[in-house]
Amino acid sequence: MAAEDGARSPTRMLAEGHLRIATGGRAPADGGIAVRHIPHHHTAKKEDGGKIEQDNLGDANPLPSQELGKLVNGTKKVPATLDDYRKLVVPVIEEYFSTGDVELSVSELRSLGSDQFHNYFVKKLISMAMDRHDKEKEMASILLSALYADLLDSSRMSEGFMMLLESTEDLSVDIPDAIDVLAVFVARAIVDEILPPVFLTRARALLPESSKGIEVLQVAEKSYLSAPHHAELVERKWGGSTHFTVEEAKKRIQDILREYIESGDTDEAFRCIRELGLPFFHHEVVKRALILGMENLSSQPLILKLLKESTTGCLISSNQVSKGFSRVADSVDDLSLDVPSAKTLFDKLLSTAISEGWLDASFCKSAAPGEDMWNASNEKVKHFKEESGHIIQEYFLSDDVPELIRSLQELSAPEYNAIFLKKLITLAMDRKNREKEMASVLLSSLSLELFSTGDIMKGFIMLLQSAEDTALDIVDAPSELALFLARAVIDEVLLPLNLDDISSKLRPNSSGSQTVQMASSLLAARHSGERILRCWGGGTGWAVEDAKDKISKLLEEYNTGGDLKEACQCIRDLGMPFFNHEVVKKALVMAMEKQNEASILALLQECAAEGLITINQMTNGFARVKEGLDDLTLDIPNAQEKFRGYVELATERGWLLSSFASLP
């Protein structure tokens, strides 16, 4: 079996179920839909040249194009092979790029049948758009979002993107910037919530390390998904749109529901939903209404009334209602972090909807295959939390950062990094200042070696959203959380702009929102860097820039004839082991610039031998120099050649992790 699996391509493994990216056959949590460029009324062409008006994609049955009309009328067969399918989808895509008619394209693809080939449609649509203007790239993203959860499920979408990643080398022959363009498509799919974020991890595990597909994933993650305000950056990459973005549509829906809860005016809520002109996005209304009902129990009667009357009045189609319930069912695991009784509450809402007749009873049957998956996922989260608690408790006793990182890596659950951060800070807040200082030091190390900015932001958002509950057990939780946030900015774990992003995800005037404001005030105060570094009696009292300056001075002093042991002691006295990558970086740059590079390399050898600079910190330092080689070459023409020599030496002496890739 192993040999047989080895012969399969990653896409084949996806298709045959050896790697499951689909979530029980349903859309993953928060599977969103792009809603740009969609007019309030779309027209579909008749074969006699006339037009018919359509208002609802989910309920309409528009006539297909002439080519597909022949297919439906029996002059052609439904495509039985991939070759037949290929011949038919290209005209559909070409026509879409010419007309921009989303509903017509959805109808034509539905008329083809052949669901088993829809992953190829994803690949063909994007590959054709990549070789065109930004307008067509934007249109391709919009069409994929419109198709998602209707004709394209999570598995077909993931398979299509895997096929593209596998063929990146071929695409690069004809499209010079194929890597960057495909990276934007991947990032856009994650922002539009038609690909789950974990897709990056799973795809990376299936692709060869040296492939261009890996480069695509790296660019998507580092250049787009980790950037400040990344959602807006990605949404506007190809010029954006003149209508709604996904986030704007979601915000409008949230505002409509909140106003309805306050006023109780059903007719006004119906009018606002109708004016959105987004019938294929009504599942978002259902999803957000259900979540609001679970978060605020007093609003449940109004929520149930709104959903029942909108369904019986045909404002929201039964198909959209089912999708909304399905999306909430998929996200119950995450909801349980903030609403502990989420699953019980959802089951009651589900039972009410079925008993009152506005949700088809078959929903429970269709959801049943995913129940085992839900239970397995829930058990995995529970296991991760338990193991994380043990790892953190051990760290508080041993103060061994490298050991904790190894233990966390062994759990092999990067998708739960935010949960780990929440657990770490929650446990630290209930302990003494020593543990709080240790938690901040650890967070700095994790941000360099394991956690992305997105992971850290999500972890803080989870903490802030549950700030009211935390305050019941830890009286000064808001002020402690504000210090952790401010310290993360001082330690360059977060950027100041990230605080704005975090605040935007919180309810206005909530305890969490006020905590972010408190952190911003702390950072704005005079001498804030030194005060925040000393807030728990730990740290060195230096801001990051001061620490960099001290590192430069100790290296200069050593380079002009200082003692090796004394230099090591000075590094030790800095008291910033999580910042030792800066020592490595500055030492390597100094070695390139000076003539006596042997003494600098001897210092690094001594630090590595003593364990003063860990292998992780050493690797991070080399990686930072590698990233800046292009700039260094402007001042040091032979920088690349020198760096190769340093890498060879470091590899030979065991300073670096085996995963570190040397320059070609």
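Along the chain as shown, residues are numbered 1 onward.
A Cβ is built for glycine as well, from the same backbone N, Cα and C atoms used for every other residue.
TrEMBL annotations: computationally assigned, not manually curated.
If you check TrEMBL, you get these features:
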- 45-54: compositional bias 'Basic and acidic residues' (COMPBIAS)
- 84-205: domain 'MI' (DOMAIN)
- 248-369: domain 'MI' (DOMAIN)
- 383-504: domain 'MI' (DOMAIN)
- 546-664: domain 'MI' (DOMAIN)
- 41-68: region 'Disordered' (REGION)
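Among 84-205, 248-369, 546-664, 546-664 has the largest number of CB pairs under 8 A with the domain 'MI' (383-504). Taken through DSSP, the domain 'MI' (84-205) splits into 98 helix, 2 strand, 22 coil. According to DSSP, the domain 'MI' (383-504) comprises 103 helix, 0 strand, 19 coil. Note on the domain 'MI' (84-205): its mean pLDDT in the predicted model is 87.
Counting residues of the domain 'MI' (546-664) by DSSP class, helix then strand then coil, yields 91 helix, 0 strand, 28 coil.
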